[in-house]
Amino acid sequence: MVQCTLIWAGIGAMMAVSGALLGWVVFPRAVHEKVIEATELRQGTDQYKRWEALPQPLDFKVYIFNVTNPYEVMQGRRPKVVEVGPYVYFQYRQKDNVRFSRDRSKVHFSQQQMYVFDAESSYPLTENDELTVLNMHMNSILQIIDNQAKETITNFRSDVNNTLEKIPVVRVIKRIIERTTPIQSILQLAEDETYDSLRLINVELNRIFGRPDTMFLRTTPKQFLFDGVPFCVNVIGIAKAICKEIEKRNTKTIRTMPDGSLRFSFFSHKNMTDDGMFTINTGIKDPSRTQMIELWNGRTTLDVWNNRSSGLSSSCNKIHGTDGSGYPPFRTGVERMTIFSTDICRTVDIKLTGSSSYEGIPALRYEIDNNFLHEIGPEYGNDCYCVNKIPKSIVKSNGCLYKGALDLSNCFDAPVVLTLPHMLGVAEEYTALIDGMDPEPERHQIFVDVEPYTGTPLNGGKRVQFNMFLRRIDAIKLTDRLQPTLFPVIWIDEGIALNEDMVKLIDDSLMKVLSLLDVVQWVLIGVGLLLAVLMPTVYFVKRCRGEGSRTVSPAVTATTSAASLSTVAGVTGDRSK
C-alpha cells in the first residue's frame, strides 16, 4: 500500500513538471516555429497565395460633402456642408510582376487595384445621385496659375504663338502690327505682368470650364470619383494653350481623352492600375521584417518633402514599414508599427493603445499616433512636412499649416490638404469657418486590430479627408467675394473586416490549437499536482488512523476484563449469602 501510494505521487509530480515544461518551453517553441513557417512568403504555400491575391476585397467607403448653400458662399457667407455616404466599393488587389531575389529573402512586385461599386452596401444611395461639390480641378488650376502665373504664361506663350503662326491671315496681321506699331502684344504683356496674366485667364474661364457661375460643381459620385468631369472641350486659341499646359503637368487626377479634352476624377488613376514597384522582405532570414518594405520604385527615400539644409534626405522622405495589408508575426510587446502609404506619399506611425477582439479572436488595437497630423514646424522637429506650397491661405507666420492639417501639394501636384475625417483634431482656425463638421473619434480615427501571433489585420480602417482652400484670386471675377476657407471635399474609409471564411481559418489553424495546448498543459499540471499532493495525504491519514487503532485496543481489553471479573465476583457473593 505504501509503495503504491508513493508511486502515484511520483507520477503526479512528473505530470506536473511535464505540463510546466510543455506549456512554457516545448509548446511555445513549436508554436513559434509553426507561425514563422506559416507567415513566411514562400512560393506555393497557402500564405503566398493569400498574399498574391487577397482572399477577400477590402471595403472602400467614400463620404462626399454636399454643399447646401453654394450661391451664399460665393457672396462671402459661411459654407454649409452635409455628409452623404457611404458610397461603398469593393477594392480588389492582385500582385503582378512577382520576382524573388536569388536568396529568396526579398520579393519584387507591383499591385493592381480594381474598384467595383457595391450597390447593396451603398443602398439607398446610388452612383448617379446628384450632389454639389467643390469644383476641385478649376479651383486647383486657378490657384496654381495664381501662385505661378508668370511661369505658366511663359510656358504657354510659345504654344499660342506657334498656333497663331499656322494661320495665314493672323500671321500677316501680326507682321503688319510688328512693323508699324511699337505696342507690346497681349501675350508679351501677360508674360510681364502677373495681374494682366490672370485677367487673360479670367477671359478664358468660360471656354475652359463650361461657363461656371460658382466655384462649385453639380455632378454624380460616379463621374466625380471615377468616370471624370469633362473640361477643356473643343477649346481653341489661348484656352487651348492653357489646357495644353494643364495636360503637361501630368497631374494624376486629370487624364486626356481621345478627343483631346480633359477629365478630372478623384480615383480613376487608382482603378485598374498599380501604385509602383515594391520590394519587401519575405521573412525567411529575419521573421521580424516579414512584409517590411525595402524599396519602392527602386528607392529608399522620396522626393516629396523638404530635405535637410545639408541636402541629405530628411526623415519625412524615408520609406519604411509595411503597406498595411500585413505585419510581421509576434506583435505582443510591440508598442509602435509603421505603415507606408503611397496615397499620401509618407509613412504613418501607429501605436498600441490596448487589447481588443474580433469575432472572438484576441487582438491588439493600434491607432494613429498624435504626431501624424499634429503641429508642424521647426519647433516641433518636423518642419520637413512644412512645404509652404499654398500661399495666400490660412497659414501660420512661418508658412506652415495649423494643427491637424498636412499640405499634399507635392504629392498630388495640386493644392490638396489632408486632415482626419470631419477635421478631427484640427485647429479652430479652420473648423470655425465652416458648418457641418461633426468629428467623432471612434468613427473617424485610424485604427487596426492585429492578431498578435501572425500579425494578421483582423479589422481596421484607414480614414482620411481631402480638403482644399477656397479663397479670392486676384483678377478672377468669379472669386471676388469669397472668404478664405479650408473646404472639405470627401473622406474615405479604406478598411478590412475579415469575412467568415478567414475568421474560421485563423480559428481552426491557430486559436483552437492554442486552446488545445492550454488544456493539455493545465490538465497535466492540475492532475499531476492533485496526485502529488493527494496520494501522500491519503497515505498519512490512513497511517494515522492505523496507529490510533493499535493504541486504543489494549485499554479496551483491560477494561473489558476488569468488568468481567467484577461481574463474576458479584455473582459469587450472591451465592454465598
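Note: Cβ is positioned from N, Cα and C throughout, glycine not excepted.
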According to Swiss-Prot, the disulfide-paired cysteine of Cys345 among Cys243, Cys400, Cys411: Cys411
Cys243, Cys316, Cys400 - which one Swiss-Prot pairs with Cys384 by disulfide: Cys316
Three-state secondary structure, which DSSP defines for Asn307 (N-linked glycosylation site): coil
Which same-chain residues, if any, lie at least 6 apart from Cys316 (disulfide bond) yet have Cβ under 8 Å of it: Leu302, Val304, Trp305, Asn306, Arg346, Asn382, Cys384, Tyr385
Inter-residue Cα distance where the pair is Cys400 (disulfide bond) and Asn271 (N-linked glycosylation site), in Å: 33
Fewest-neighbour residue among disulfide-bonded residues, criterion Cβ within 10 Å, set Cys384, Cys386, Cys400: Cys384
CB contacts for Asn271 (N-linked glycosylation site) [other CB atoms within 10 A, all chains]: 16
